[in-house]
């Protein structure tokens, strides 16, 4: 290889990342127009396109590098020099942390995810102590109640870039003040002020104002979801001021926000104060930098592994027919490997399963489907694997495992947030907690269906409960679009003997679903059946599902709220006139 080629390759990779992030910002900057035009299908398409941008630009860079090197193979020493040159380009680079992840992605694509060592990749950051330099413009603006909170909030709302009319600005401001007074008290509120992010956070059919409520006793989140009426007028639906509420809004089961962030690291640091329970990976994920979030997630895993004295074990719950799931007892994530062979009733391929997981990655998850990170050639030290799990891995996924002596390499796996399986949760709770869980489960099914997702296998074991008590779907191998399903009523029996027969008296085609049958496995527990019949009996009717299908086919996009209905101003305070 000619001397100087290493620098050219390093510059080519960084220029490729510049192009990718430029397109990322370009797609993101269109969020305001899509919101104002109420073009919800364009919102969904932009979300999917933005996710695809990263891999597309990695592919472009890989092709450039193959042209530059004339397709010649490169030795380890050459690659190390490329990384050294790349590292030297980063100290003055504003998005160095994501540029490192982009380098990793290019390397993995070039070498088919082999030889993934710290010397060749940015397993850990090259600049861990780097502080954020002074940024050209502040991320947020402070508002003080010098003339009272009504005047303050009027200034906040008037500063917004949205060009639509407000339905009733005075009403919304009074709702917010009433909520803040109930939360803080009049005296504390008078001594508090706001710091509001300059950029709105767009997702689904809402534009979120994100800020900090700085009080005498500490800093709280200040979140305002802005929606549109059917007439295209703006209104504020609620005000959220607890870290638990903010955590759900920025949750791992939701689609990524579209927020214009030329300096994502600075935005992540700013958000950290109001989202103290979120890891760095989760914050990058929330603002759409999902590939760098994967890097940070892997780093968090390595740090935990180095500091613990645990072994991987099979994850608690009913063993899956498609996935082998394992975890570290104290770690908040699970590792999912597609089995070599599935149970007989699972008539599908591994490629189908991977396609289902990709569908979830790109679709609106409406707060009800867990996000995943996909890894290839994942290395595990044998000493970290319990004997029982090692035996299970070799029994169920031997074709995906390479034995390296002291280590094994798993060819492909997913990492996902760990939750308590819903079937286990239901066994452990009583009273109001049981009722809440059943209500949450039914709401999850409804919201998934409204987003054009049919879970397929609706058993409780395929859902998990988060630390905030939300029910989230996490088993995707039978997932499909609602519009692909044929929801049918069970025909009346022809003769009394039909109901006793081992085979149905009616024909069943692929894609047929009979909602009446859900009752058999969802209501079998006498503690659960009456609650389900009370709150979700319509889920057992085929006409309910067909009506949802019709709305989807007509192009209707349902509203998705990251908070309970009872928190909406219209429910809490009614239509008060001001």
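The backbone N, Cα and C atoms fix where each Cβ goes, and this holds for glycine too.
Listed in Swiss-Prot for this protein:
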- 371: active site (ACT_SITE)
- 315, 316, 317, 318, 319, 320, 321, 336: ATP binding site (BINDING)
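A map of Swiss-Prot features onto the structure.
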{"residue": "315", "record": "ATP binding site", "Cβ within 10 Å": "20"}
{"residue": "316", "record": "ATP binding site", "Cβ within 10 Å": "13"}
{"residue": "317", "record": "ATP binding site", "Cβ within 10 Å": "17"}
{"residue": "318", "record": "ATP binding site", "Cβ within 10 Å": "12"}
{"residue": "319", "record": "ATP binding site", "Cβ within 10 Å": "13"}
{"residue": "320", "record": "ATP binding site", "Cβ within 10 Å": "20"}
{"residue": "321", "record": "ATP binding site", "Cβ within 10 Å": "15"}
{"residue": "336", "record": "ATP binding site", "Cβ within 10 Å": "25"}
{"residue": "371", "record": "active site", "Cβ within 10 Å": "23"}
Residue 371 (active site) and residue 336 (ATP binding site), distance between Cα atoms, whole Å: 13
Alpha-carbon spacing, residue 315 (ATP binding site) to the residue listed as 'active site', which is rounded to whole Å: 18
Residue 320 (ATP binding site) and the residue listed as 'active site', distance between Cα atoms, whole Å: 19
Residue 336 (ATP binding site) - helix vs strand vs coil (DSSP): strand
Three-state secondary structure, which DSSP defines for residue 320 (ATP binding site): coil
Max pairwise CA distance, angstrom, over record-listed ATP binders 315, 316, 317, 318, 319, 320, 321, 336: 15
